[in-house]
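Look at TrEMBL and you will find 246-256 tagged as compositional bias 'Acidic residues'. What TrEMBL records for 239-258 is region 'Disordered'. Per TrEMBL, repeat 'WD' is recorded for 156-197, 198-230, 274-315, 316-357, 359-399.
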Amino acid sequence: MKASKTRAVRLTSLTEDVAAVPEDAPFRARLHVLFAQIEREFEQLYLENQALQEKLDIATTTKESLIPPDARSAAGGSMSTQASSAALATPATQTDEVAGSFLAAASSTHKSLKAKLSSATGGSKAKASNKIKAQTSRIVSSFKAPTVVSTVVREFGGHKDGIWQVAAKAGQPIIGTASADHTACIWGVESARCLLQYQGHAGSVNSIKFHQQRDLVLTGSGDGTAHIWQAAVNWEVPKKGHSSEEELDDSDEQVEDRDRVDTLRTPLCEFTGPGGHLSVVVAADWLSSMDQIITGSWDRTAILWDVETGLPLQPLTGHDHELTHVSAHPTQRLVVTASRDTTFRLWDFREAIPAVSVFQGHTETVTSSVFARDDKVVSGSDDRTIKVWELRNMRSALATIRTDSSVNRLAVSTGGIIAIPHDNRQIRLFDLNGQRVARLPRTSRQGHRRMVSSVAWAEEPLLDCDLFSCGFDRRVFGWSIVLPKDN
């Protein structure tokens, strides 16, 4: 129930602008101090867990240690839920209450976990069933040092509000971002500089997708429309002449040129009007043919559009609540739509009469659903799970990944690695079998400071960047990720 309320509060910025809170507000400074205290609590827990690893390795061989299987997940879950809720709270009168709840939760979690660990390592011999031994083995493996090397190698900043989605362009060293500040931006990966800013929408820009072959971008917005616009970027910083008269002023002029951002306000095509959406367009994507697009809206429908004419071809109805995501298959005429009704649907346009299949398995809002290799679909939800499905079998998931926080717009690499962005600022990597690969580092020096809303893999590393992430801290990170060879 709390997760649903948090999601509802967060999504309001899709359609309306929330006034920015002054940076010098007293309660804001106090929250920063309290967050730092909480982070220190987690660092202490992490160090204790590392120290416990050696004891657990010995305990599993001597059968003298039993760790409750939910100890770690319970601790992480309770804290992350409170942290996500507090990040959205702004009234100054609530600061002390929020602070008290944070410190109390951190303190109680610390004491509870410490008591459980001390009792587990200091107990006498006990007989364990096969089930408990298997659970203990999984906990031990989760404490082991990761075999994945991941670091932040690029940081992009400039948006004035939270960023809903990030996308990478195949074959070019650029990325795109869609923000609640009503703009979309194209960034150069090498320079980490905004090369082009699109200002054609009148509402929050909720999604962004590149055309596979042409310099075109598709965006969906809270103004109820989707736009296609020209993403022709200027790679070079304009240079002035070098005559003796201008030499003294040249450096100042080039600094101004470097900070200047090209802007675009007119789309090539706008998808709206009769037969269009009646509410927020939350997501949009290109079909594999690139001559049609699919959009999803809070009006509970998705619409198939013709790119050349800008006219709606077919409405896709059936969801009981607002849509949250749409995604198209990269090579086939298949589309998946996700909804707050706890389901996602597969639409097959390969035949004259489209077929639809309903996938049920989540207990809360399905926040994203994307295609993966080997005819699989991966779905993420506010119920804190990620499920891997086979297109030919919609009855049950092939694998279920359980986490400690709500899942936002995930992405799957061509190698089959799922990148999962969370409300609790974490990014986790799993494979399609549900096995954990890594958790990307998050410290005071690197990582997101608020919820991570979206991730995107680069099909080929873009200047050492394999993965891009964005969040409501208004920042985008480019990550270098070195996976084990067997992955």
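Note that Cβ sites are derived from N, Cα and C of the backbone, with glycine treated the same way.
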For the repeat 'WD' (198-230), residues assigned helix / strand / coil by DSSP: 0 helix, 18 strand, 15 coil
Segment confidence, the repeat 'WD' (316-357), expressed as mean pLDDT: 95
Composition by DSSP (helix, strand, coil) of residues within the repeat 'WD' (274-315): 0 helix, 21 strand, 21 coil
DSSP-derived helix, strand and coil totals, residue by residue, for the repeat 'WD' (156-197): 0 helix, 24 strand, 18 coil
